[in-house]
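Annotation comment: TrEMBL describes 1-29 as signal peptide. The domain 'Membrane-bound transcription factor site-1 protease-like N-terminal' annotation in TrEMBL covers 52-126. For 206-458, the entry in TrEMBL reads domain 'Peptidase S8/S53'. Taken from TrEMBL, the feature active site, charge relay system applies to Asp215, His246, Ser412. If you look up TrEMBL, you'll see 486-614 marked as domain 'MBTPS1 third'. What TrEMBL records for 615-885 is domain 'MBTPS1 fourth'. Residues or ranges marked as transmembrane segment by TrEMBL: 1012-1030.
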Amino acid sequence: MALKGRAFHGPLALLPLLLVLFPLPLLRRQLSDPSAGSSPRLVPKNGTLTLSRNYVVRFLEYRKAEDHLAYLDENLGSLDGWRWIERRNPAASFPTDFGVLEIEDSHRMALIEELERLGRVKDVFVDSSYSRSLFAEENSNDGTFLECKKRPGKIFTSMSFEEEEDRAYSPVSNASICWKRKLLMQRSQVTSLFGADRLWARGFTGAKVKMAIFDTGIRANHPHFRNIKERTNWTNEDTLNDNLGHGTFVAGVIAGEDAECLGFAPDTEIYAFRVFTDAQVSYTSWFLDAFNYAIATNMDVLNLSIGGPDYLDLPFVEKVWELTANNIIMVSAIGNDGPLYGTLNNPADQSDVIGVGGIDYNDHIASFSSRGMSTWEIPHGYGRVKPDVVAYGREIMGSKISTGCKSLSGTSVASPVVAGVVCLLVSVIPEKNRKDLLTPASMKQALVEGATKLSGPNMYEQGAGRLNLWEAYEILKSYQPRASIFPCVLDYTDCPYSWPFCRQPLYAGAMPVIFNATILNGMGVIGYVESPPIWQPFDEVGNLLSIYFTYSDVIWPWTGHLALHMQIKEEGAEFSGLIEGNVTLKINSPPSRGEKSPRSSTCVLYLKLKVVPTPPRSKRVLWDQFHNIKYPPGYIPRDSLDVRNDILDWHGDHLHTNFHIMYNMLRDAGYYVETLGSPLTCFDARRYGTLLLVDLEDEFFREEIEKLRDDVIIGGLGLVVFAEWYNVDSMVKMRFFDDNTRSWWTPVTGGANIPALNELLTPFGIAFGDKILNGDFSINGEQSHYASGTDIVKFPGGGYVHSFEFQDNSESGATQNILQTSGMTKLSSILGLVEIGRGRIAVYGDSNCLDSSHMVTNCYWLLRKMLDFTNKNVKDPVLFADSAKTKVPLHEDGGRLPSRRTDVNFSSYSAVVGKDLICHHDSRFEVWGTKGYVQLIGRNRKLPGYPTIDLGSDLNITMKGSNRRSDDVTIQIDGGNNSGAVGRNKFHNSVDFLGLLNRDEVDIPMLMASQWVVPLFVAVTGLLLCLSWRMRQKRRRRRRGPGSGRISNLV
């Protein structure tokens, strides 16, 4: 009988048979309870077995579960293949906004399509699992929590026992740090380090504060807790007890009363939500039910020590919004993926959640603590500052499962430290006034405004700084509802805190610098921006700064964003100095209870910006951010296949996340580096020495390919490309079944999108292959490691190509956990440098040596030499040795050009495929909303431009005995908006007919220099005119000749 419309909650009778007949991966989860939301299950149907899985169906309104079921029964009619899952948990007695359906895979598409047509249905999502792996590794009688893989979904923010680690090193901001000596000296209570005893002495101990701990549960009558109010189980296991120790430890840090491991708020009422099984597995539906119950029972504070990279998990993310909108203060660990940047975990990266990072007792950022910025906003915007605050998270004492204390480390520890402080602070406010004064926004205001800024870390490492309990208490004592901006200061002279802004000053002609601040609205859950923000400079010089604002019109729940897009006006091209002033923003909120008029507050953001004269073209580099694709939403694989514990490329691929060390190196080398989050048509190439393309996964618009060809060959733009592996066979072998989404995951692309890069490079006669190369090599004594890079299979003659012996792993393939390493070494080309037209190009097949995520050895030295060549025409004698010069074009024998995958709907992940070409808010103000600086061949398209400064003194070309202007362009100024239209050389079509720009490949040794085009055209035209004149003269002589003869004969 088909699955249809009935509740089901019995075991599967055929389980023993299934274990024999079917592969183990299909039965990885317990099959006894469908509410577990397991991976595809085999269910009996008409004597056969059918795959099915669970889906969360979200409704637009709260109703009793039986009402939702009746609605689906009525509207799905006679459709087979679905079953309503009855959820037996404490939330069952309350109205709900979702249901869980078990749907057979054979009916999945039709049923989901029909469900989403229903008027009361919001959407349908897979009931994702949240899990983490646990290695049963004992150390001093404490289990070590280690994360095995970074997979989709949520995971525990792992805790680790690290007493054996004496020393750690962070390449970001801290030097070598010794832990052990300090730990032995300072085993004092974490509560005393924050001064909790000062509030205890005043009678504040967390009384009548309802604390929800979402974790692995807690045991009844635990001797460390005096006020366990309720224990609830949301899993498919029949127990309320904590058998792992995670939940008990977290509760102990918050509210323990044992003298050896005191908690911050011992009188806090503990509500233990057991949302993880003993196997450390949970599901979206369990969390949604538990969140709904927390809302229904009016929790005050909620601690969540889980996280994951998937901020597009909408059922989870939106339920967190709803939770905080109901005035529940959520505290969450920022993640243990440090010291890497761009590794914030969700939900701690949400602006309405208090995200907590970890520090050690020396006030250094803990090596394990994840760093910002948030990556939601990339590529068109800029990330927010996270974490919000940091707290001690190394070797913190907490409660064991039954009795006694232990010490653990991690942001899972730092999070309950802050949650305990929050409970203590909530108890400061009289109970009758709490819900009016204390909100997620007001509590965050108190914490970030009272925090102590640390001297070493930057804002994306420490947020506002170290938690300061007493200062937060002083703020809350006299708090009046208001709105504010966090951070409230952007100071270019405050380094390293204001990194990366303090590393590079502003200057005229640059891409906008974007600073993304958070609006905190303590006046109400909803607020409105009354009028656009205003820039108020302190003096006349401040008028050189032009700011465009993008911001949240509606601020909900409690928070919004304010992004500043800052440019220096053209008249400031020679200015050097500081610009200071305030950005003001007025926020309104509806009146609170008993009030008649709306609440209003003015927020202030102080700016102190450093400005320098516009640097010459030879010092400017533009980074292409637009063509990077990261997880989420798809399986974007890691770049190095040797890395087995992090299969996703999820760090943002931004100059200020996983490429931040490279960014610092470029600044130290004197280069000015800007970011482009829009298509390549949205920048004026005349202003830049080099376009830097690193690890790009997206496709390219045709207009981008044609413009870049012109920019390099005619405009003299330099081009540096760092590619990555791409092999379809290996991608297929990397396919794995993901328990979180319960579906098969196959890489959307390789480490880079080589087919797209090859199309971009076709006009220059350059192409990468499909090898996956590994090995070590040396150039002039510089040892380097090639980590899953690709090879160069086509390169124009006259260039310089470097080849080395490597092992090709592409034939042995890759699996989800391991890449086989058998194979023969072979000489492969990996580095090429060439002059083409007026431009210069350098390509390299591996980007891992620039990416701080999984770097083995860096190749910053190579990047500097490549930029010296493309920007300044400085040729390193080793890279440009005669032995590396190619006299004829390179065509690698047997070198296959990688082909695109045909089984992937790339438009789901791409910003190009199926999208319109448009310049976004990260580009120059003048081209916002247009297609940018592009004029297609054969079309008369007028597009915005802007007045240019004189670039003639610093050209990106090598001039020999010529007084010609560098660019044959004309600028027409539009007096209305001070922007111009850039017109191409009138001989552009002549260049095109010679085949130098539109050919598919360039196999000739060198392209014809564009300065010869005009003389050649004039010469050809003169020759044709001369031949035409001579032909006309001959015709005239022929016509005169016979006539004269006849006249002579007559005479």
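Yeah, the Cβs are placed from backbone N, Cα and C, and that goes for glycine too.
Just so you know, TrEMBL annotations are computer predictions that nobody has curated.
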Around the Cβ of His246 (active site, charge relay system), how many other Cβ atoms lie within 10 Å? Please give the count over every shown protein chain.
26
Let me know the model's mean pLDDT on the domain 'Peptidase S8/S53' (206-458).
95
Roughly how many Å lie between the Cα atoms of Asp215 (active site, charge relay system) and His246 (active site, charge relay system), rounded to a whole value?
7
10 Å Cβ neighbour count around Asp215 (active site, charge relay system)?
26
Please report the distance from the Cα of His246 (active site, charge relay system) to the Cα of Ser412 (active site, charge relay system), rounded to the nearest angstrom.
9
Number of Cβ atoms other than its own within 10 Å, given for Ser412 (active site, charge relay system):
33
Within the domain 'Membrane-bound transcription factor site-1 protease-like N-terminal' (52-126), count helix residues (DSSP H, G, I), strand residues (E, B) and coil residues, in that order.
29 helix, 31 strand, 15 coil
Mind checking how the domain 'MBTPS1 third' (486-614) divides into helix, strand and coil residues in DSSP?
11 helix, 67 strand, 51 coil
